[in-house]
Amino acid sequence: MARIPRCDFLRPPGIYYLITSLLAGLFLPPAIAFNLDVMGAIRKEGEPGSLFGFSVALHRQLQPRPQSWLLVGAPQALALPGQQANRTGGLFACPLSLEETDCYRVDIDRGANVQKESKENQWLGVSVRSQGAGGKIVTCAHRYESRQRVDQALETRDVIGRCFVLSQDLAIRDELDGGEWKFCEGRPQGHEQFGFCQQGTAATFSPDSHYLVFGAPGTYNWKGTARVELCAQGSPDLAHLDDGPYEAGGEKEQDPRLIPVPANSYLGLLFVTNIDSSDPDQLVYKTLDPADRLTGPAGDLTLNSYLGFSIDSGKGLMRSEELSFVAGAPRANHKGAVVILRKDSATRLIPEVVLSGERLTSGFGYSLAVTDLNNDGWADLIVGAPYFFERQEELGGAVYVYMNQGGHWADISPLRICGSPDSMFGISLAVLGDLNQDGFPDIAVGAPFDGDGKVFIYHGSSLGVVVKPSQVLEGEAVGIKSFGYSLSGGLDVDGNHYPDLLVGSLADTAALFRARPVLHVSQEIFIDPRAIDLEQPNCADGRLVCVDIKICFSYVAVPSSYSPSVALDYMLDGDTDRRLRGQVPRVTFLSRGLDDLRHQSSGTVWLKHQHDRVCGDTVFQLQENVKDKLRAIVVTLSYGLRTPPLGRQAPGQELPTVAPILNAHQPSTQRTEIHFLKQGCGQDKICQSNLQLERYQFCSRISDTEFQALPMDLDGRTALFALSGQPFIGLELTVTNLPSDPSRPQADGDDAHEAQLLVTLPASLRYSGVRALDSVEKPLCLSNDSASHVECELGNPMKRGAQVTFYLILSTSGITIETTELEVKLLLATISEQELDPVSVRAHVFIELPLSISGVATPQQLFFSGEVKGESAMRSERELGRKVKYEVTVSNQGQSLNTLGSANLNIMWPHEIANGKWLLYPMRVELEGGQGPGKRGICSPRPNILQLDVDSRDRRRRELGQPEPQEPPEKVEPSTSWWPVSSAEKRNMTLDCPRTAKCVVFSCPLYSFDRAAVLHVWGRLWNSTFLEEYMAVKSLEVIVRANITVKSSIKNLLLRDASTVIPVMVYLDPMAVVVEGVPWWVILLGVLAGLLVLALLVLLLWKLGFFKRAKHPEATVPQYHAVKIPREDRQQFKEEKTGTIQRSNWGNSQWEGSDAHPILAADWHPELGPDGHPVPATA
């Protein structure tokens, strides 16, 4: 099928035409091959290299005998004898025959006068047109050269061009009948005037056949012009015609300023010569000097517009029944333009409208056609722009359709139809006439470089041109390349009252496509009975229901005299809609053809002539136990015209007539519905059900009959599904058929016939089965082969007031790590009257990693003691402090972690306190597992950054593979009486990251982690830090943290309980002696300094007389004597004592001898005698 690209509409003002064109394409059915006969195309071939087919024209002569001709121009045909040239071109006439090489050259240009002319490469046949049946023909040679002063120094050559007008029998008679036309001959020479006129590049006749119109695009420095000449000389109505001729620049004035084409930028003064002379007359081509140039607003800005490159005419363009002329200027203003001209009384063509192209170098105006597409009495304009292109949309070539709005062209927005890239779509246009006899003219558009070439046929209509082509002729089908370079239509050459189409090419071949007569068929279908009552069997056996069908056909055609006998093959298809849904038809035809299926019946009717009505009949019966009682049985009638087989046609045989064809714009199918008598649907016999999905939610399957709803997201509408090894998931569904308004129960809620639930599953879920809590409610569910679509039968019918709850079991095997959401689409369906909308149930999918992490420290209590020692003095780990070992265990109960991403086991190690002093010094980090069989992990960064010597016993144990020895647990003494700070002032502290300690993170990658991994970390307390900073602390808690991190591209990965905390308590060793690390000489100096201060103090006191004893008289000095109380009297003394000894009594007591001492009691007071005085002691 040919690709038919289409452009958008250009500008918004023409909204009426935009809408009407769309409606025309919408309501008229498509037709890829309509009534141009491709199989019976007539080919004609010319001389190789002659460009046979460059121009074509259909012609029909009436005198002296009727004959149809295919006129083909070959502008590179070899010269005739006597033409004094190699290639001159020519016009060929081909009869309507099956012979491909029976064309002959029309004798119109013999001989040559080389002193006045040159016919070498004159391109005779560059254009050819016919007036129609019994009319004249014009053909031109636009490169015909007129010469003067041949072989002299002042020789001139002017490419003026010329045309020939032939009689209807292809003969040239006197000038009154036709003859040779050279209007540029004898005019001013040079390419700025008429020296390169190129008359005949385009030529045509006016539709009333009174005028001959020429285009001369080389006039006035290729600005171009158009000329209208009277061609009806000698006719009886000559007196009623204007004399003419008429010319765009004025036939008498010859003023290029009167030519209205837009300007372009071909500027400057140009001299082209091959003569070394200062004589300006010897310049072959020149532009005017600035002083001699024409004055006016345009000047020579209007050069090179090529006005007259295409030409046409028509009535009703500007005013009703007034003839106007249209000329194309494809290079005007670099975009192209089209000018509508009218003739005035002064032999001039006056411009009335100038239509400009929209794109640079599009060639707008390269081709033209004038016709009334919508039959409104106003001629419309079709313009080709074959060089148009849209790079992004891949479009090439365009045709603009201007629909005439009562002679007003200012606000018309044209319809633009585009072709394929580089197709030259629009290089040729032709008005075909009424090709299908629908009352509207049609057009053809050539695209010679779309593949081997194509011709697009567009029909007219009351709404304008139909933008979708009714037929596409392809050069490949007839074996012609560059097919469609030239076109000619609008004339019936085979006598069947339908216009035909002649297509030329650049491949020296042309082809005629004859139009096939169009038949308009009428058909009727009669059904008995019109409604099916399943309770009333009427078949012959008395058990089943039968239906009689009668079909009748007739046809009409244009013209009414065309009345062939035709055969129509028809086919009846029963229960079409059900069959198209993939269901078994409910009908069986009792009479059917050998090749018919059970639900089909075919036949043939013969229509002998127009209006002949012929009928056929058949019977079908319904199947037993019909379930679908609400949907009508659709019977589809399709028919087609039986085409006689094409026999092999040999040259010399008489040209066969073309077979008729059915109207492609008339549907050839008809549908008829046969309804059932409806029961149980209320008094109005209309079943208005009210099926509703009351509940639909995802569930986890606990057991075969027990389900639990999944938790919901925050929105309350989306479930959360954790992908953790669940092979199945449930979908709970509850469907009801209850009245929507209990106060009006008859309004709806009727029985739902063929009630179904249609389930569409995503690619990640597959249907597995159905469960119901009540086996009676369990529906029948069937799925397709891929288990992605499920149909559940809810009942036929599902009764009023019914409710059913069931669970769909869905397999989760298709859920992958990339699955983030589950969406199941649900749609209730019934053939009862109810509008039902689809419903979606969704669930977010997340992958929960079943990882667990735990840790333990050995020992869990540590003590610090010893002496303060600097970092630089440390040599071995044993000098640091007590050893501690941390063991972190990670377990994985799910799939291997490397399928989900990369994981790391991290331990946050508090190695320093806030001021930067060492806290817990890491010695060694080892990872077992998580790396594959027999591999140990490498963690970073490396511990033991001070490179301290490792305990030799530990190294030896690791080399022998022996386990760590279990150290006895250390006990904390409860007594803290020796602590230098009182118990009330002691406090507890916690050293943790990142508040009170600085941490280093040891990260260990876990590769191929599928079971368990253990991380061992050995460290030692830094005694010096604790002795210096935490002597006043009652207890210290050192926290080590560990966690797991996973890096993955999976967005829905969830990791829970992936961290742990390992505390260790630290105390000051109560049995340790704190020895200050002070040098001995400092102590010695301190002792000496103390002695010196003491000596100075004694000397000072001595000088002050502190050590001199005061001397008093004996009478004034009290004497104290110690009295010894016998032991046996002491108890009596204590019993008689009535009070405490007063301080005044310690002054009257005297010591009894120099060697006597008072007795000290247990509380270090003197022991008293019976008299209350201290008891002296004896030696």
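Quick reminder: no glycine exception, Cβ is built from N, Cα and C everywhere.
For C163, the disulfide partner named by Swiss-Prot from the candidate list C140, C197 is C140. Of the cysteines C539, C546, C615, only one is given by Swiss-Prot as the disulfide partner of C552: C615. Looking at the stretches 295-314, 435-454, 915-934, 1155-1174, the one that Swiss-Prot records under the feature region '3 X 4 AA repeats of D-X-H-P' is 1155-1174.
Between C94 and the candidates C7, C103, Swiss-Prot records the disulphide pairing with C103. Residue pair N1043 (N-linked glycosylation site) / D442 (Ca(2+) 2 binding site) shows a Cα separation of 82 Å.
If you take the CA of D372 (Ca(2+) 1 binding site) and look 10 A around it, you hit none of the recorded positions from N86, D434, D438, N784, N988, N1023. Closest to D438 (Ca(2+) 2 binding site) by Cα-Cα distance, out of the recorded positions D380, N784, N988, is D380. Using CA atoms as reference points, the recorded positions N86, D434, N436, N784, N1023 were checked against D380 (Ca(2+) 1 binding site), and the closest is D434. For the region '3 X 4 AA repeats of D-X-H-P' (1155-1174), the mean pLDDT of the prediction comes to 45. Summarising the environment of D380 (Ca(2+) 1 binding site), the number of other Cβ atoms within 10 Å of its Cβ, over all protein chains shown, is 26. Around N374 (Ca(2+) 1 binding site), taking its Cβ as the centre, 20 other Cβ atoms fall within 10 Å, counting all chains. Here the glycosylation sites are N784, N1023, N1043, and the one ringed by the most other CB atoms within 10 angstroms is N1023. Note on proximity: among N374, D376, N784, N1023, the recorded positions of the record, the Cα nearest N436 (Ca(2+) 2 binding site) is that of N374.
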